[in-house]
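**Student:** Please find one structure pasted underneath; my questions will follow.
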Amino acid sequence: MPSTRYSKRRRISSPAKEEPPAYNSSPDELAASSDHEKYHSQRAPSKTLREGRGRKRSYADIYSANSTAVASEDSHSELAGPPRASEETPNVQVTAAASGEDSPDELDHTTPTFFRRPFRASFSKESRRPHEKFTSQSPSPPPYSRLSSPIATPRTPPVRPPQYEPYKEKMVLKGHRKGVAAVRFSPDGRLIASCSADATIRIWETATGKHLHTLEGHLAGISTIAWSPDSKTLASGSDDKSIRLWDVSTGKAHPHLLLSHSSYIYALSFSPRGNMLASGSYDEALFLWDVRTTRLMRSLPAHSDPVGGVDFVRDGTLIVSCAGDGLIRVWDTATGQCLRTLVHEDNAAVTGVRFSPNGKFVLAWTLDGCVRLWNYVEGRCVKTYQGHTNSKYSIGGAFGVYGGEYGVEQRACVVSGSEDGNILCWDVQSKEILQTIEGHQGVVLGVDTLEKEGLIVSGGIDKTVRVWERDREGAGLSGDAVGAAIGALKADEEEAAGMA
């Protein structure tokens, strides 16, 4: 029988690719037809496929008839349905083609796309017997089940928006000779203070990073600092067991030291009015000082382990303290009475505490790798934020604002350092990690935020102070917007049941 144009094109061993024959029906008409026999009757099968046309063919029949031919879509089980139990399917190794080579199936461009196999066979073009050069890089597809359709429908992957990471590194401030233990923005936002194990405090300009003053006077490393509400006075606590007050404008220390603690000073906090200073120490005591007279007002035997953190509520009526004994205590400022004791069932050491901006919650850092938000009025944990590393060091953090640019909703967030050198931002409500900020080479010990300017400052054992700025292009922040984002904490109180 003379060789037809179609049979030559279907031979894989032929190096030339000739045009397919013109059929009576167009590909669109064939695809729209539900009658498979109509589609088969309009094709001009090769000599090999004419023999025994009245029955369904398997791979074994095709390969035994002609070893140089490749099975076409006519005999594949996608058109004929699942293979019968009596038919034996040979172990043909196939793989999804990662190259741009045309497969035997794709040479017949008249075949409607939804009749093509969901995988392709890869073979060597130089081979005279391509079916013997199949490689096995992935297992053969399983037979269709009754619940699956023999027609493969391609899926388009969803288009995801670009990752939104607003905080970028603005500047790196260097000058400390040892690790930086704490960093703080001044209340007016103009200055940054950092303290270090080198027994010095450095004052930086927030806008430019310019170094203004180096405060020297302590005899040992400094672990904590606190700004007065008017941004004129800075308090520092040192391992030399003393507390010093500094005039920031001149860089000079107050002539009188605050000396009553018998061990290292770990935590300091000014009252909102600036007339009182709370201090926590390794001696397990919580002291209240009169700032004007530099005299001790009250001593509270607060804990049975070193006190790691103290803070005043926004109206100054309450003080919160934490310690290595796993307890968080809320005190009445006027009477010194303990109003509430918070303890988690894990009883992990608590290294830092902060009141929320609305004064209704307490944020606590613990050495079990968690940051917990407490409703201290009801005495229960509302949220637990995880994802950072904290098992050895006393790490700090703060509340902040996230979003507000490029149509991203502005939300209140929790910002914390980590022992792996990162800074993490969590959504207060959903506990989702919004951003992981990388840059420090080592433990990040201190973190503070400046909401109105969209800034974060951090310090770590790599001796650097880093300032991170939020990308606010195309959107500005106002005081009302910041207050609205922090106000999301109020919704937490109402929805806290079952969300801890």
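Even glycines carry a Cβ here, placed using N, Cα and C.
Below are the features I grabbed from TrEMBL:
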type	residues	note
COMPBIAS	1-12	compositional bias 'Basic residues'
COMPBIAS	123-134	compositional bias 'Basic and acidic residues'
COMPBIAS	155-164	compositional bias 'Pro residues'
DOMAIN	173-469	domain 'WDR5-like beta-propeller'
REGION	1-164	region 'Disordered'
REPEAT	173-214	repeat 'WD'
REPEAT	215-256	repeat 'WD'
REPEAT	258-299	repeat 'WD'
REPEAT	300-341	repeat 'WD'
REPEAT	343-384	repeat 'WD'
REPEAT	414-436	repeat 'WD'
REPEAT	437-469	repeat 'WD'
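Where in this structure would I find these features, and how exposed are they?
**Tutor:** In the predicted model, the domain 'WDR5-like beta-propeller' (173-469) has a mean pLDDT of 93.
The list of residues near the repeat 'WD' (173-214) in space but at least 6 beyond its ends in sequence, with Cβ under 8 angstroms from a Cβ of it, reads 220-231, 234, 236, 238, 246, 248, 251, 396, 442-443, 445-450, 452-453, 455, 457-467.
Counting residues 6+ beyond its ends, the repeat 'WD' (215-256) has Cβ neighbours under 8 Å at 178, 181-182, 184-188, 190-191, 193-203, 262-270, 272-274, 277, 279, 281, 289, 291, 294 in the same chain.
Long-range neighbours of the repeat 'WD' (258-299) within the same chain, counting only residues 6 or more positions beyond its ends whose Cβ lies under 8 Å from a Cβ of the stretch, are 223-230, 233, 235-239, 241-245, 305-312, 314-316, 319, 321, 323, 331, 333, 336, 352, 394.
Per-class residue totals from DSSP over the repeat 'WD' (414-436), listed helix then strand then coil: 0 helix, 14 strand, 9 coil.
For the repeat 'WD' (437-469), DSSP puts the residue distribution at 0 helix, 21 strand, 12 coil.
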**Student:** Go ahead and report the DSSP secondary structure tallies for the repeat 'WD' (300-341): helix first, then strand, then coil.
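**Tutor:** Final tally across the stretch: 0 helix, 23 strand, 19 coil.
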**Student:** What same-chain residues lie close to the repeat 'WD' (437-469): Cβ under 8 Å, and 6 or more beyond its ends?
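**Tutor:** Same-chain residues near the repeat 'WD' (437-469) but 6 or more away: 166-174, 176-185, 189, 192, 194, 196, 202, 204, 206, 209, 393-401, 415-419, 421-425, 477, 479, 482, 486.
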**Student:** Take the repeat 'WD' (258-299) and count its residues per DSSP category (helix H/G/I, strand E/B, coil), listing them in that order.
**Tutor:** 0 helix, 23 strand, 19 coil
**Student:** What does DSSP give as the helix, strand and coil breakdown of the repeat 'WD' (173-214)?
**Tutor:** 0 helix, 24 strand, 18 coil
